[in-house]
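Some features that TrEMBL has for this protein:
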DOMAIN    19-449  domain 'Major facilitator superfamily (MFS) profile'
TRANSMEM  58-79  transmembrane segment
TRANSMEM  91-112  transmembrane segment
TRANSMEM  124-149  transmembrane segment
TRANSMEM  199-223  transmembrane segment
TRANSMEM  255-274  transmembrane segment
TRANSMEM  294-314  transmembrane segment
TRANSMEM  321-340  transmembrane segment
TRANSMEM  346-371  transmembrane segment
TRANSMEM  383-405  transmembrane segment
TRANSMEM  425-444  transmembrane segment
Amino acid sequence: MTEKLEKMMNDSKAMRWGVLTLVAFTMLCGYFLTDVMAPLKPMLEAQLLWDSMDYGIFTSAYGWFNVFLLMLIFGGIILDKMGVRFTGMSACILMVIGCALKYCAIAGHITIDGTILGMKSQVVLAAVGYAIFGVGVEIAGITVSKIIVKWFKGKELALAMGLEMATARLGTMLAMSVTIPFAKLFGTTMPDGSIQPDIPAPLLLCLVMLCIGAVGFFIYTFIDRKFDEQQNEENMEQEEPFRAKDIFLVIANKGFWLIALLCVLFYSAVFPFLKYATDLMVNKYEVDASLAGMIPALLPLGTLFLTPFFGNLYDRKGKGATIMIIGAMMLIAVHFLFALPLLNEWWFATFLMIVLGVAFSLVPSAMWPSVPKVIPEKQLGTAYALIFWVQNWGLMGVPALIGWVLNTYCRLDGEVGTSAYDYTLPMYIFTGFGVAALFVALLLKREDKKCGYGLEEPNIQK
Ligand SMILES: C[C@H](NC(=O)[C@@H](N)CCCCN)C(=O)O
């Protein structure tokens, strides 16, 4: 074995944290577009005459290609075979193309008369753009997870993952808080003095940001090449090439399935909830539509600080499985309280949203850094891709389910364009996902004890 002569690039704090900043910024831009339409739901109904089903279908499109065309699974294989540079750049390009199509559809730059498969053609076009974007942002997500493992393994891995998620959630927070003011800035003043927001304007902002994010990733590819060269020179342990049988090794692992199930159940109760949270604030808590996005924006705001905090705790003290159980319990409590007909006050909704932010910091901060404890590094790309694939069933199915439930059972006035819904049933559905997530988290803790994955152990190797 050759002696380790040189300090490795990832031994430099500035270098590894700098790399994290670059790739996390790309993810921030991706998350911004992912959630930008959520605060616009009431305006989509009022101006473009969408209903909750249209919105649900559009939102579910995020997972169409990932789930049915297995794009995420191919993405994971490509990642393990071709590496982070090629895969990450391709993902960025897909995000830009998808966003451009979505923008053009919403702005009316591309139109098709009538309906497509019985759906409004505008909804379908925007949905296809969102589906292409969904492939890009998900593949970017697994690529960035692999990059973080590459630079932080044996170091501050969970903290780094926590900070990456926190930065990405800043994108969600921007989507919730900036979208309406931005749309109003470019809006039209109506004869009665009110301002009609310009729905496409925030999408154009996202497009510009995604281009900047792609440039950030492009810069990273040069650093990554240097790091690979250095690892070659230092004769460091090289990644073994990916083989198809790796997929079978991953899916034969019970720990993998428990993490994947926890992921789909937990995230199904958070990301799809966020798509409806602004509308919930308007309908149940009677918050003014132009301010309603501010309350859901608190959720990602809390996670900004807490995800790195809990990640750091996991790095140093361990207790990963326990952290996931506590997070799932908090999720159940919050959604149940959102469902109950009590305290329909904005401050109570704000309080619940903050608690949800804590739950949404606990589970991801422990779950994602636990994957390398269960799966060997050379199968990580595939493992993250498979977990994201399972998760995408939820990200795709749940928004459509909620849209359908709202349209079918929860309409209060039956009129399109007035958005009046009773959110009790959707909130019980979200609570149900929380209960199932808790059950799986308990099973994961039991499996960890049996198989010795080390989920309760610290990540930092002394
Ligand atoms: C790291 C993790 N990412 C995901 O779960 C992605 N598959 C979903 C991205 C959805 C973006 N709103 C996370 O964000 O916790």
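Glycine is no exception: its Cβ is also placed from the backbone N, Cα and C atoms.
Taking pairs at least six residues apart, the transmembrane segment (58-79) and the transmembrane segment (294-314) share fewer than three Cβ pairs below 8 Å and do not count as touching. Outside the transmembrane segment (91-112) by six or more residues, the chain places 26, 29-30, 33, 48, 75, 121-122, 124-126, 128-137, 139-140, 143, 199-200, 203-204, 206-207, 210-211, 213-214, 217-218 with a CB less than 8 A from a CB of the stretch. At the 8 Å Cβ cutoff, the transmembrane segment (294-314) and the transmembrane segment (425-444) share fewer than 3 close pairs (sequence separation 6 or more) and do not count as touching. Per-residue confidence over the domain 'Major facilitator superfamily (MFS) profile' (19-449) averages out at a pLDDT of 90. Counting Cβ pairs closer than 8 Å and at least 6 residues apart in sequence, the transmembrane segment (255-274) and the transmembrane segment (124-149) reach fewer than three and form no contact.
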